[in-house]
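Taking it in order: structure first as structure tokens, then the write-up.
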Amino acid sequence: MSVTLRVLLDRLAPPEEVRVSGDPDVPIRGVAIDSRRVGPGDLFVALPGTRSHGGCFVPEALRRGAAAVAGDGDAFPEGFEAAAPVPVVRVLDARRFAGRVADAFYGGPGRRLRLVGVTGTNGKTTVTHLVAAILDAAGIPCGVIGTVTRRFGAVSEPSDMTTPDVVRLHQTLAEMAAKGARAVAMEVSSHALDQDRVAGCAFDAAVFTNLSHDHLDYHGDMAAYGAAKARLFHAHRPGTAVVNVDDPFGAGLWADLSRRGISFGLCEEAMVRPLAWRCDAGGISAEIATPAGRVEIASPLVGRFNLSNLLAAAAAAVALGVPVAAVAEGIGAMGGVPGRLERVDAGPGRLALVDYAHTPDALESVLAALRELGPRRLVCVVGCGGDRDPSKRPVMARTAARLADLAVFTSDNPRTEDPAEILRQMTDGLEGGAPNVRVIPDRREAIRWAAARLEAGDCLLVAGKGHETCQIVGTERRFFDDRLELAEALRAGGLRRAV
């Protein structure tokens, strides 16, 4: 694929305010924002960064064969254009430009596909998979981009981040469109919104699930975190806003949007809401009201929080004009999401699950949902990640100690921090001691210890990693899959000791 720089810039709609120095008819064979990935003929866009500006890497991009370079006023030294061996494109906002020029290069997939963006602290992965299942049932082939996978049809590849970088995103959208996708449901993280990684995407529906304590190591405080999430609705102006009005931040966002769109929740005021519902170990069944009519749904997903996820997906589908019959069919067809309350065979009368819950709110929601199932004992293995927001560690610990009959604190991706210090911060959050808490730093041993104590009527949750398959120690990634570890521990029975 090749297009001249002039034609590429002319494709930007609406037109971008740019200043080009040099030959605008140079052929462009790709777009790159990482100098290490530049190939011969690429347009390299230098982005501002937190530690350094991408302009520092222009020499490397040129050595690798960049045919043109672009950046904002800070990207290039004074007089650079006069001596530059390739055309230079000056732009006002490099991040926004990168998304728009990538979309233009790949033929506008961010504007041609029907896009559903899902943001929020928890629930993004489940909601995107549900939306895709519903759209597939409606005859609208739908891809998924998110934390677990980038998937369309039978082809799936693991994701390394919730929302890809802006060039990879548009490349992925183009690849899915070429294979027959007519829609894509994607997770949109707060980091991606803050860094304009979805620039060039025109969302037909944007979904807000909830806002709770997370990523404060990046955003600083909850106000900044919420403002980043709200950018999906204010900066990108989706076709239809789909908002959880049970959530306090969501209710405020709904008011800011002048109640234009579709609201969902368990409350009476929600436009998509359950009229009657039941949740047990077998799943969720409900009759829900929507602007398109009532519909009965049944899902194998467990927990009240998953009822909210079902409502979010149904509301997004209705926003796209999908018939309610397809909503019911799609929800019933989706068996589950890897690492989201994923069951591991524990034998008759026992329940063992792995979940990605790694925030205080997610852990509380999952444990509360499992508590509602009425287990004899609820056992939870949980840890907190290193080099991440430390303020949530005592909150996570208190949540586990309060809702579980037996809580086992362990390591979860300590990274460059001392695991013992992370665990100390967790236990320091417990007031008046906690006789139901055990600290076992080694995650494998913690899972084995908990599995060995699982008796008839008990429920065991291993929280934190979910679908992830590594334990990050220092800068090393070591293979570790909670699902495999738990299955092996349950088969082996462990070294049983009295609790």
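Placed from the backbone N, Cα and C atoms, the Cβ positions cover glycine too.
A TrEMBL annotation is a machine prediction, not a hand-curated record.
Meso-2,6-diaminopimelate binding, as stated in TrEMBL, involves Asp412, Asn413, Pro414, Arg415, Gly464, Glu468; the candidate among Arg376, Arg377, Arg388, Arg491 given for that site is Arg388. Reported as a whole number, the C-alpha separation between Thr121 (ATP binding site) and Lys229 (N6-carboxylysine) equals 9 Å.
Note: the Cα of Asn413 (meso-2,6-diaminopimelate binding site) and the Cα of Asn122 (ATP binding site) are spaced 19 Å from each other.
For the domain 'Mur ligase C-terminal' (339-466), the mean pLDDT of the prediction comes to 96. Counting residues of the motif 'Meso-diaminopimelate recognition motif' (412-415) by DSSP class, helix then strand then coil, yields 0 helix, 1 strand, 3 coil. Report note: the ATP site is defined by Gly120, Thr121, Asn122, Gly123, Lys124, Thr125, Thr126, and the residues of the same chain whose CB lies within 8 Å of the CB centroid of those residues, excluding them, are Val118, Val127, Glu187, Thr209, Asn210, Asn309, Ala362.
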